[in-house]
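Take a look at the structure set out below.
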Amino acid sequence: ELIEAVRLIKFLYQSNPPPKPEGTRQARRNRRRRWRERQRQIHSISERILSTYLGRSAEPVPLQLPPLERLTLDCNEDCGTSGTQGVGSPQILVESPTVLESGTKE
């Protein structure tokens, strides 16, 4: 069943090739706009097909988190830098009561 669903989704995506880069700027823009709209429709149809075949909802299961007053961010390495450094492994520390309790600076 899953292989059939994947084949069907693959066929849907193959039936909508990217637009040709010819014609006036306006014509190319319109073709890209229509192509993106068809891609969105194919994406939503694909989600419905997968949820039907797999028997589960497309909605993500909500993540269970501890109460907000017990959450802190671990900022050991390069917190002030921009870019993508340190993005790979965010850490959440639990049970640090003094960090979020008072809103005043010491």
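Heads up, the Cβ atoms here are built off N, Cα and C, so glycines get one too.
Quick look at what Swiss-Prot annotates:
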COMPBIAS  26-37  compositional bias 'Basic residues'
MOD_RES   SER82  phosphoserine
MOD_RES   SER89  phosphoserine
REGION    8-16  region 'Homomultimerization'
REGION    14-39  region 'Disordered'
REGION    82-106  region 'Disordered'
MOTIF     24-40  motif 'Nuclear localization signal and RNA-binding (RRE)'
MOTIF     63-74  motif 'Nuclear export signal and binding to XPO1'
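Tertiary proximity for the motif 'Nuclear localization signal and RNA-binding (RRE)' (24-40) is limited to same-chain residues at least six positions away from its ends with a CB under 8 Å from its CB atoms, namely 16, 18. The helix, strand and coil residue counts that DSSP assigns across the compositional bias 'Basic residues' (26-37) are 12 helix, 0 strand, 0 coil.
Broken down with DSSP, the region 'Homomultimerization' (8-16) shows 7 helix, 0 strand, 2 coil.
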